[in-house]
């Protein structure tokens, strides 16, 4: 990537072939090589062949550990075990809460205290434990993984400490019964597990130390996280691709499916082993009729569910963002909550628990049901509005939570939807590991159930078709609503596949797809997805999508948004110019141009390389060499006169390094034992790491050193060095940085940045550097804030007007001038193997 070719390719190939031929001829004449030294101890004795065979098998197995399928099996197995163990612990916590609530049925006040205190303690412990051990474990984790997969390095997000904090914090948060989800955090947990496995397996094969390899394994891990959470491998792979990747490499497809399928299989096998299930079935199995699941006349109702879910999803994202922004913008509240970090989650949990207390307001919203029980009841294929709670139904005890003698099912569902909507938006802002997919999924199922019950009440005998009557199934509407609202919040279509795998039936595939597509169309035109909204709140370096409502941005071009005033390095610059550039900008990469007049872009150089060039020029070693050179020139004078007439000890110390502090009674810097130093009595002093020449009397160290300013000899020498021309022969220069032309459209620029994972690109015109575009400018252009500081604003149609004028003769003349100028300014290159011989 760096440097230039120093030898013709054909000549190099001939020389290499001759060398290999000569090496082969010499190898035939040499005797057969002996066994490796590590095998010699196994070749002696009666069992020598067995020992050698065992050692070779061991090496073969170790080499196979580094292959993909072994890694993916280990990843799927570990994640299935973690998911099953967490579900078991969460179910135990929820069962303990029900046991405490049921055991105190004689006293309502004690029931309330138990119902409120239990989740408050768990949420407070989760928030405190996460904050102390790893604050990076707070939240969903999908926005951070979306940023990491783009190539941005986020510290401490994929460590063992964060893994432990995420698992324990998420278990306590979900065990409290709050409206929180598991899907988003499990994507983060699977990614951390993949990163830790890569570090462990790197002991067997160095391929896991490759950055590109790790990115591929993280992409597969995101699919495993969703697959083992819902036992939905196909939907998990598609969902992970939609929420974490802008462009997906097809070669990773099989990795995601293999790991997700294996993880989902082990997850359901563990449920059978624990006797929770009789066999491997869907997580929320439904029993809809298959001969006639729905009528075509019901499709408008499904479309209404999709459109309403789109507006509801956009409202949920907006409400969640406004709650976070309100907490941050109120400085008094923000300062108070920063001091009392555990107070906010405790207050939110207390509020939600109070409202869901079953004898209180919770009796109007099925407050005693968990999220799993709520979904099981909402997917019921019987009609509640017409038949009520049927005694023939299998889940009689669970369904009683929806039945209230003073209200009907419609009022209960409406109260449930409204209350759970703002409760979920508020609960997801608690600083604990949590997701929002499952609460939104439940709310969507309740909304679909409401529409289904309304249709059943409107058509009590069903819809007549060809003298056949088929009653309406409200459970099918609940499935459609769950997929539509969750798809609208996350801006994904794969939620349709997830509900098919969750329910085990695809009878409603057409209504589900219609509703999900309409919900996405509405939600994407109003608000960003929930994960993109969190990225904006946290100000993570990610590029937003060109979604619905951004068609006017297609007329914007690079010249309208680029930064024109940028710092650069010229080929004939001085070290002082490098120092000024480093002090005036924080750019990680600096453009290298031919000269200030031509501005021909020759390449780019990293900021670290520029700093290394400057440090090498002003290094203590070069300062020491200059001192030795000066001493060698004055050695003849040392034979005839005293050293004090030529060079004082203070001057020598000034050249060798910062002067030592003067002690009491030593104002002149002369050694306290007095007298001038004898000539030619110079030794090497100082520490091992940095030897320097100093007078004999300066060898004893001074106690309590103090900082002093460099002597004028050092400053003068540095000024001379800074005025020299920069030697780029030892620097690594990228001769082909990413470049755009002025007329590149914003859409194409967005595609290039997203596909290649760029953070900046230079803008050139006929080879001249005219500006630079970074993620910051591109993000501002997409969001519509082109008037920000540092961005050159032009009308969107200015590029169109300029494009009507042809380049013609001026551009051709400029090309000829650039070619003639380039003949006199050769490109800097690395030293070739034959350069040293030529100099000799």
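Each Cβ is built from the backbone N, Cα and C atoms, and glycine gets one as well.
TrEMBL does not curate its annotations; it predicts them automatically.
Of all ranges given (342-361, 362-381, 382-401, 542-561), TrEMBL attaches the label transmembrane segment to 342-361. In TrEMBL, the transmembrane segment annotation falls on 186-205 of the listed ranges 186-205, 566-585, 586-605. Of the listed segments 42-66, 142-166, 217-241, TrEMBL assigns transmembrane segment to 217-241.
Listed by sequence, the residues of this chain that lie at least six past the ends of the transmembrane segment (299-321) yet keep a Cβ under 8 A from its Cβ atoms are 421-422, 424-425, 428-429, 436, 440, 443-444, 447-448, 451, 455, 477, 480-481, 484-485, 487-489, 510-511, 514-523, 526-530, 533, 536-537.
When each of 186-205, 342-361, 409-430, 479-502 is scored by its Cβ pairs under 8 Å to the transmembrane segment (217-241), the top-ranked stretch turns out to be 479-502. When Cβ-Cβ distances below 8 Å are used as the criterion, the transmembrane segment (69-91) is approached by residues 167, 170-171, 174-175, 182, 186, 189-190, 193-194, 197-198, 201, 208, 217, 220-221, 224-225, 228-229, 255, 258-267, 270-271, 274 of the same chain, each at least six residues removed from its ends. Sequence-distant residue pairs (6 or more apart) of the transmembrane segment (112-134) and the transmembrane segment (342-361) include at least 3 whose Cβ atoms are under 8 Å, placing the two stretches in contact. Residues of the same chain lying 6 or more positions beyond the ends of the transmembrane segment (186-205) and with a Cβ under 8 Å from any Cβ of it are 62-63, 65-66, 71, 74-75, 78-79, 82-83, 137, 140-142, 144-145, 148, 157-160, 162-163, 166-167, 170, 213-214, 217-218, 220-222, 224-226, 228-229, 240, 243-244, 435.
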